[in-house]
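Engineer: According to Swiss-Prot:
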- His47: active site (ACT_SITE)
- Asp91: active site (ACT_SITE)
- Tyr27, Gly29, Gly31, Asp48: Ca(2+) binding site (BINDING)
- Cys26-Cys117: disulfide bond (DISULFID)
- Cys28-Cys44: disulfide bond (DISULFID)
- Cys43-Cys97: disulfide bond (DISULFID)
- Cys49-Cys124: disulfide bond (DISULFID)
- Cys50-Cys90: disulfide bond (DISULFID)
- Cys57-Cys83: disulfide bond (DISULFID)
- Cys77-Cys88: disulfide bond (DISULFID)
Amino acid sequence: NLWQFGQMMSDVMRKNVVFKYLSYGCYCGWGGIGQPKDATDRCCFVHDCCYGKVTGCDPKMDIYTYTYSKENGDVVCGGDDPCKKQICECDRVAAICFRDNKDTYDSKYWFYGAKNCQEDSEPC
């Protein structure tokens, strides 16, 4: 669920970063339109696409299980429910994407606003 995603992001990035990504670019936050503005925003675009492929459960609400290793930074999705595991994998890939692209984060895209995202969206 979205709370767990925020926790996973904080685990992987080793600090509480949820507020920085809550409304960033054209895709970080609720929904998304237009073209991703940078690699950080593209992480959110890919995450939105991943959630869009989940069927049989609710990515924003359903609770999954995962473990995080502080030693090596690995996230491992667990549990027996394949749908919830798929949600966790979407979140895991996005959290790692944020970490790997943290240098592309540009504060000018924080609270960027949909009015600046009028280009045609690319397909997932």
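A Cβ is built for glycine as well, from the same backbone N, Cα and C atoms used for every other residue.
Explain the structural surroundings of these features, please.
Structural biologist: DSSP assigns His47 (active site) to a helix in the three-state reduction.
Every protein chain shown contributes to the tally, and the Cβ of Asp91 (active site) ends up with 27 other Cβ atoms within 10 Å.
In the shown protein chains, 18 other C-beta atoms lie within 10 A of the C-beta of Cys117 (disulfide bond). For the recorded site, Cys117 (disulfide bond), the DSSP three-state label reads coil.
In the three-state DSSP scheme, Cys28 (disulfide bond) is classed as strand.
Sequence-distant contacts of Cys97 (disulfide bond), defined by Cβ-Cβ distance under 8 angstroms and a gap of at least six in the same chain, are Ala39, Arg42, Cys43, Val46, His47.
Following the DSSP three-state reduction, the secondary structure of Cys124 (disulfide bond) is coil. Just so you know, the Cβ of Cys124 (disulfide bond) picks up 10 other Cβ atoms within 10 Å once every protein chain is counted.
Its Cβ placed at the centre, Cys50 (disulfide bond) has 18 other Cβ atoms within 10 Å.
DSSP classifies Cys83 (disulfide bond) as helix under the three-state reduction.
For the recorded site, Cys88 (disulfide bond), the DSSP three-state label reads helix.
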Engineer: Which one of these binding-site residues, Gly29, Gly31, has the sparsest Cβ neighbourhood, judged by other Cβ atoms within 10 angstroms?
Structural biologist: Gly31
Engineer: Near Cys49 (disulfide bond), which residues of its own chain have a C-beta under 8 A away, given they sit six or more steps off in sequence?
Structural biologist: Cys124
Engineer: If H, G and I count as helix, E and B as strand, and all else as coil, what does DSSP give for Cys97 (disulfide bond)?
Structural biologist: helix
Engineer: Measuring Cα to Cα, how many Å separate Gly29 (Ca(2+) binding site) from Asp91 (active site)?
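Structural biologist: Spelling it out, the Cα of Gly29 (Ca(2+) binding site) and the Cα of Asp91 (active site) are 13 Å apart.
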Engineer: Apart from Tyr27, Gly29, Gly31, Asp48, which residues in this chain have a Cβ no more than 8 Å from the mean position of the Cβ atoms of those residues at the Ca(2+) site?
Structural biologist: Cys26, Cys28, Trp30, Gly32, Ile33, Cys44, Phe45
